[in-house]
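> Dropping a structure here in structure tokens format, bear with me for questions.
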Amino acid sequence: MNKKDIATPTRTRALLDKYQFDFKKSLGQNFLIDVNIIQKIIDASNIDERTGVIEVGPGMGSLTEQLAKHAKKVVAFEIDQRLIPVLEDTLSDYDNVTVINEDILKADVVEAVQTHLSDCDKIMVVANLPYYITTPILLNLMSKSLPIDGYVVMMQKEVGERLNAEIGTKAYGSLSIVAQYYTETSKVLTVPKTVFMPPPNVDSIVVKLMKRQAPIVAVDDEDQFFKMTKAAFSQRRKTIANNYQSLFFDGKQKKYIIKTWLEDGGIDPRRRGETLSIKEFANLFNNLKKFPELEF
């Protein structure tokens, strides 16, 4: 990296002035201005000349330019039309970058991968995710039939800790279950808010999620499974039996059946959702077949 890199206060301010760019809080725009942090993200992603990269929210291209130097191809989704001419400028030296001016949650990511990254040996998502939609983005990408091998993503520290949380902790919840289901998760580093322009209100964290060859547990309907696990955390102070009364149709009239279903799965109805492992949740879900009265 050198003095011309985008991820410096001087270069970022110069670009802001050149394009008279104003940050939009509604889009969670906070541009990274520390080349050392970017290098650590690159190192953690293990990308090389055979790797295709999906980036979400490239901003002015501070991370994108470094991805382009190391990866075979980069596809970056940017929702803000105002940043497209900026990116055309900052990334003009790289013919292996495709910028798509679309909302990642509405874009046809499958088609984009087939069109631009089909000749890559592996695909990684490497991004400084917009904080306001971090969870929807991850859930959306994980649940699609995409050949993504892993993710190295920066996000709000609180959300990152939920992804990597252990059973029984305050951070452990439905998002922890989804992440654990699809990936092996680890923390890369904590990032202070001072290395962004403008600085966000909270510190950030970089998390690495590597896709499992197969989900850690077997369930026949992932959407319903995640709906069931989410309900277990709907009111964290309540027991799992009480939370599930709100999930099932006529649940309050089926207290005894819910209790029997839980006990049949080896779960004490007085336990709270945060004490159950993903394997225990999967066992409960698969055990629902024996209790046709319990529908949701």
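Note: Cβ is positioned from N, Cα and C throughout, glycine not excepted.
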> If Swiss-Prot says ASN30, LEU32, GLY57, ASP103, ASN128 bind S-adenosyl-L-methionine, which of GLU49, GLU78, GLU88, GLU111 does it name for the same site?
GLU78
> Between all pairs in ASN30, LEU32, GLY57, GLU78, ASP103, ASN128 (listed as S-adenosyl-L-methionine binders), what's the biggest Cα distance, rounded to the nearest Å?
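Max Cα-Cα spread across the S-adenosyl-L-methionine binders: 20 Å.
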> Return the single residue from the binding-site residues list (GLU78, ASP103) that has the minimum number of other CB atoms within 10 Å.
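Counting other Cβ atoms within 10 Å of each of the binding-site residues GLU78, ASP103 gives the minimum at ASP103.
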> With every protein chain in view, what's the tally of Cβ atoms within 10 Å of the Cβ of GLY57 (S-adenosyl-L-methionine binding site), excluding that atom itself?
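Neighbour count, Cβ to Cβ under the 10 Å cut-off: 26.
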